[in-house]
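Here's what TrEMBL has on this protein:
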type	residues	note
DOMAIN	47-523	domain 'Major facilitator superfamily (MFS) profile'
TRANSMEM	45-72	transmembrane segment
TRANSMEM	84-101	transmembrane segment
TRANSMEM	113-132	transmembrane segment
TRANSMEM	138-159	transmembrane segment
TRANSMEM	171-193	transmembrane segment
TRANSMEM	213-232	transmembrane segment
TRANSMEM	309-332	transmembrane segment
TRANSMEM	386-408	transmembrane segment
TRANSMEM	415-434	transmembrane segment
TRANSMEM	440-459	transmembrane segment
TRANSMEM	480-497	transmembrane segment
TRANSMEM	503-522	transmembrane segment
Amino acid sequence: MEDEKCKSESIPLTTIDAGDKQTKVLIGHSYDDALKEAGFGRAQIWMTVLCGFSVMASANESMGMGIILPASQCDLELDMSRKGIISGAVFMGIMVSTYYWGYQTDIRGRKAVLKVTLLAAAGCSFVATFVNQFELLVVLRFLIGLFISAPSSAAIVYLGEFCPANRRGQMIGYACAIGGLGFGYVAVFGWWILSYEWTIVVTESFTIRPWRLLFLVNTLPGFISGLVFCLYPETPKFLLSQGKPEEALNALRWVHKQNKGFRERFGVQKLQYDVKQQEAVENEPEEKTSILKKLWTQISPLTRLPHSIYLIACSIQTATAYITYGGLGVWFPQIMNIVFKSEVTTGTPICSIIQIQPSVNASSVNITSPIEVAAAECNDALPQEVFVYTLVSGLMCGGYMLLSSIILSQLTEKTMIYVNMITAGCAGIGLQYITHSYVVAALFCVQIVAASLCIVLVRSIQVAAFPTQVRATAISLTNLAGRIGLIISNVVTGLLIVQQCTFTLYTIATLLFVSAGLNALLP
């Protein structure tokens, strides 16, 4: 017991005379030392699972409609243009609200934003289950996009601030690996639920069929996460930034109790904090300030060096990753469908195969969606290939992220970004010369999955690179850049891949190499 007591009190306290109010006054243990004293174990593991489910909720809501829309087209009388509007509504909501939620995460707290947004998105999905009007469904999907944009960044910040620096990237990688399994999640449950044929007639104009259950199933991880977050503390890092050292200390005691139980006393009695910052928070005037002024006050620190350089580099890297991951990922099933069905695959590069298809040419682009359904007669049955492609992509994405997270215990995030960006770029160039269809499929998967991991790695670097007060805002801004890239790539890739295939693949590869070079600007 004496040894344990000595060990728990081994971190020296730092005290500085507070007489001069013009100087920064630090009292107690540093945050990193206190977090180290709280230990690493069960608390961080459960937080990783919880945050992984939060990231999965975003993936489910964003990509799950790819299965729901073709299955619901007969009941909702959807043509391809209406499907595009419904699918795009959630992305528009995400793009509009990304920065706002980053601002609120830095002002209101990580936990508060996660609870509200996850439960609100689940509520909107529940209502969408019973909607039978196209216009109302578009509104609900937009609202879901407004709320679901927050968890993908706030959850990463939340987890990162509870993990010690040497484990942060690894645990964030595990969380995103769980989130990456969302593609497999929607495929498995979609395959299972849509395999049944039953109908419950409620009224003459409203029936309940299996596809409606997918709204509830897809939102389940987010709903569970929102409830569980009510039982977890706010991050000590955020509480310290708000001048609340006692509440931060209580949160660290909670972590210590989860990791070590009562077998060892928590040796931290005081935490270092900026007394000037606490006084500024306590004495902040009550008068109301315009929301635009508050937003500018929050974002202005990011316009100064070196944070502006970090923000620009991270935004370009994130946008490139989303262009590769989102643009090629969405069109991957359709492209491979063309390749595997082609009669001229032997010795022919992929671009030649795509551009000689009679149904796809420069004047008439018939690839309107990764999931095409005949318009002449309403048929809402989905081919098995849709589920198989989605499931394989999800498993590869999750598995690769899991493997990379294990590797991160030996390598830094920057090194992994170099490796993955260059690997994805080389895979894109290799697509120009490989003629074997299965190798082509493998290269596409490598390029898509390697790029998707870079999104996680860039977020992990941001957790360490930006101050606590603007961290979530910075991550939200880079996510906004990524979402803009995603929306543009979904439209542009589908058009260019059938007209200028070689140019498209080389452009994406070039962007990946440039992003790898920008990595040198990051800390």
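Just so you know, glycine gets a Cβ as well, placed from its N, Cα and C.
Long-range contacts of the transmembrane segment (213-232) within the same chain, counting only residues at least 6 positions beyond its ends with a Cβ under 8 Å from a Cβ of the stretch, are 47, 50-51, 53-54, 56-58, 60-61, 64, 67-68, 71, 111, 114-115, 117-119, 121-122, 125-126, 128-129, 148, 151, 182, 185-186, 189-190, 193-194. With pairs at least 6 apart in sequence, the transmembrane segment (45-72) and the transmembrane segment (503-522) have fewer than 3 Cβ pairs within the 8 Å limit; the two do not touch. Nonlocal intrachain contacts for the transmembrane segment (440-459), taken as residues 6+ away from its ends with a CB within less than 8 angstroms of a stretch CB, comprise 153, 156, 169, 172-173, 176, 180, 314, 317-318, 320-322, 324-325, 328-329, 332, 335-336, 339, 350, 392-393, 396-397, 400-401, 404, 413, 416-417, 420-421, 423-424, 427-428, 430-431, 434, 475, 478, 482, 508, 512, 515. Residues belonging to the domain 'Major facilitator superfamily (MFS) profile' (47-523) score a mean pLDDT of 77 in the model. The listed stretches are 45-72, 84-101, 113-132, 138-159; of these, 45-72 has the most Cβ pairs under 8 Å to the transmembrane segment (171-193). Of the ranges 45-72, 113-132, 138-159, the one with the most Cβ pairs under 8 Å to the transmembrane segment (84-101) is 138-159.
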